[in-house]
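Noted in Swiss-Prot for the protein shown:
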- 1-25: topological domain 'Cytoplasmic' (TOPO_DOM)
- 26-46: transmembrane segment (TRANSMEM)
- 47-208: topological domain 'Extracellular' (TOPO_DOM)
- Asn131: N-linked glycosylation site (CARBOHYD)
- Asn176: N-linked glycosylation site (CARBOHYD)
- 209-229: transmembrane segment (TRANSMEM)
- 230-234: topological domain 'Cytoplasmic' (TOPO_DOM)
- 235-255: transmembrane segment (TRANSMEM)
- 256-284: topological domain 'Extracellular' (TOPO_DOM)
- 285-305: transmembrane segment (TRANSMEM)
- 306-311: topological domain 'Cytoplasmic' (TOPO_DOM)
- 312-332: transmembrane segment (TRANSMEM)
- 335-355: transmembrane segment (TRANSMEM)
- 356-376: topological domain 'Cytoplasmic' (TOPO_DOM)
- 377-397: transmembrane segment (TRANSMEM)
- 398-438: topological domain 'Extracellular' (TOPO_DOM)
- 439-459: transmembrane segment (TRANSMEM)
- 460-533: topological domain 'Cytoplasmic' (TOPO_DOM)
- 534-554: transmembrane segment (TRANSMEM)
- 555-562: topological domain 'Extracellular' (TOPO_DOM)
- 563-583: transmembrane segment (TRANSMEM)
- 584-651: topological domain 'Cytoplasmic' (TOPO_DOM)
- 629-651: region 'Disordered' (REGION)
Amino acid sequence: MGCCGSTQNSKRDWRPLEEHSCTDIPWLLLFILFCVGMGFICGFSIATGAASRLVFGYDSYGNICGQKNTKIEGFINSGLDHSNNKYVFFLDPCKLDLVNRKIKSIALCVSECPREELQTLNDVKKFAETNGSALCDYSLTPSQYTTDSRAPSLCPKLPVPKSAPIPFFHRCAPVNISCYAKFAEALITFVSDNSVLHRLISGVMTSKEIIMGLCLLSLVLSMILMVIIRYISRVLVWIITILVVLGSLGGTGVLWWLYADNKKSLNENLPPDQLQVSKDNLQALLVYAIAATVFTVILLLMMLIMRKRVALTIALFNVAGKVFIHLPLLVFQPFWTFFALLLFWVYWVMVLLFLGTAGDPFTNEQGFVEFRINGPLQYMWWYHLVGLIWISEFILACQQMTIAGAVVTYYFTRNKNDLPFTPILASVNRLIRYHLGTVAKGAFIITLVKIPRMILMYIHSQLKGKENACARCMLKSCICCLWCLEKCLAYLNQNAYTATAINSTNFCTSAKDALVILVENALRVAAINTVGDFMLFLGKILIVSCTGLAGIMLLNYQRDYTVWVLPLIIVCLFAFLVAHCFLSIYEMVVDVLFLCFAIDTKYNDGSPGKEFYMDKVLMEFVEDSRRALKEPGSTAEGRELKPMASGTSTA
């Protein structure tokens, strides 16, 4: 690590790519200590036998299957030797407990799962005698299966479904999962038609090849769109702008026309009830028309103010396309991030399951053994939950810092032939050596906002239908405010990472510097975040629409099943996810380029010794703006371009 003994300069000057020093080392140490705590939770759950109980399974008497057990004092049938009984078998696998998320059935350790359906207790007896696998409670011998009066309650529910062991988890699971499907039907209120879910699942299974092909199509379309945006960004932005203006004007005009038409045709001779309804409708149309007019006027004023700044959005999108040409590995960044998140989530769920089987044995209300954590250690669940949010945000922040570092390297390298062989890997190297503490701090700030919001959402869901209107309104307002704060902090964090990548300053310094730059360029930020984000959103909709249309055409000719709604929904959701991943990277690149451009125009003016770093396309934008400054009536843009002189700021 390059972090040892590094110091932070008190005086801060923007010095792209010249110096790198370690940032926020205390936060890195805190994050490492937190991860050690996460490891302790995992080690504790394994040391207390939770891992073996989860993987190998245990019966209702606390015995772990597949091994010799020690006696648990005070519990009957504990301490049995199950070396030859490697599988957990549930007497009634369909008896599900939704609240506690488990099967409410007696569990036994057996040597073999029933490979065929067993219709009667005589079949169960014959299976035990033939295969040596006793499917009834340990207190019964196979000879008692058909004679003992306790057999109906201590033997599996008939008919015993055909089962197969779950790989790696040693549980006997019914091959036909109809009981789970029916339970899901009740859960999602499909009780009115018990065959709906079966037909939906059948549609997914029959169309799996088509689903995979359409998912691949969405991937290809996303990559094609990223190339297209570079070359037609100018046309696309103006088309979107014109459509928005025409749509708002047209909608406002239609509302006023409807109001005038309804007012003209209002019949005062109608019955009182109908007359009141007509007057209410007329009043509503008037309110809608006035609101639409105000919205349209504000929108047109914003378009008028920002019309020349739209050119900057177009130029940035053009340069972003060039960035992807020079840094092709950027395209694969979402995959690496998703892979890292997936690995962590799998680990987190596994430890969560370990914790679910950790602790000391106790007797539940049915008289069987369960394991619970008592004392202060029971709060490990909360620690584990905070770890889920913080580490997930840390991984996402690492992606943002990696992209920012690579794009900053591209922007501030005058000769693109001097770029590192792999700027992405160079950025990852800088991240690991210098800036992990900054990333950890930024992720923690998001976590601090996200956890209270999640708690309030949980309280709101638990009190649904019980709280009064005032409390409900306050809860929703708090949740909304925290959500807005989270989004604002996430945007500021992203720009802080860019400032750190440029200047190697700590998180707070970088966030303050980035905020100053953003405030000085507020109108430009508004133009990029409205026009640019809206264009990318339409790109996502375009990919989903094309994929969905292709899916409809393909599925319409598939006659092997009757319902293809669920396959189409799956395809469209995957298409939106893929498009979001790709175009979000595009959006990040544009945001990083904008901050670099704002810094470039603030501290350089093109004179000797203060040459611009920017791309030719952005240079043309600056030159066009300078020419506009010299024209009569260009005072607004003149104020915007004054910061190009050294020491001034951008409007």
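Backbone N, Cα and C define each Cβ position, glycine as well.
Note that the structure is a prediction, hence the values are computed from the model and not measured.
Counted over residue pairs separated by six or more positions, the transmembrane segment (439-459) shares at least 3 Cβ pairs under 8 angstroms with the transmembrane segment (26-46), which defines the two as touching. In this structure, Asn176 (N-linked glycosylation site) belongs to neither helix nor strand by DSSP; it is coil. At the 8 Å Cβ cutoff, the transmembrane segment (377-397) and the transmembrane segment (26-46) share at least 3 close pairs (sequence separation 6 or more) and count as touching. Rounded to a whole value, the Cα-Cα separation of Asn131 (N-linked glycosylation site) and Asn176 (N-linked glycosylation site) is 22 Å. Counting Cβ pairs closer than 8 Å and at least 6 residues apart in sequence, the transmembrane segment (26-46) and the transmembrane segment (285-305) reach fewer than three and form no contact. The list of residues near the topological domain 'Cytoplasmic' (356-376) in space but at least 6 beyond its ends in sequence, with Cβ under 8 angstroms from a Cβ of it, reads 44-45, 48-50, 53-54, 58, 60-62, 72, 75, 78, 104, 106. Look at the glycosylation sites Asn131, Asn176 and count other Cβ atoms within 10 Å of each Cβ; Asn176 has the fewest. Against the transmembrane segment (209-229), the recorded stretches 235-255, 285-305, 312-332, 335-355, 563-583 differ in Cβ pairs under 8 Å, and the greatest number is found for 563-583.
With respect to Cβ pairs under 8 Å, the transmembrane segment (235-255) is most closely packed against 285-305, considering the stretches 285-305, 312-332, 335-355. For the topological domain 'Cytoplasmic' (584-651), the model gives a mean pLDDT of 65.
Helix first, then strand, then coil: DSSP counts for the topological domain 'Extracellular' (256-284) stand at 22 helix, 0 strand, 7 coil. Each residue in the topological domain 'Extracellular' (398-438) gets a DSSP state, and the totals come to 33 helix, 0 strand, 8 coil. Away from its own ends, the topological domain 'Extracellular' (256-284) comes close to residues 293 of its chain (Cβ-Cβ under 8 Å, at least six residues beyond either end).
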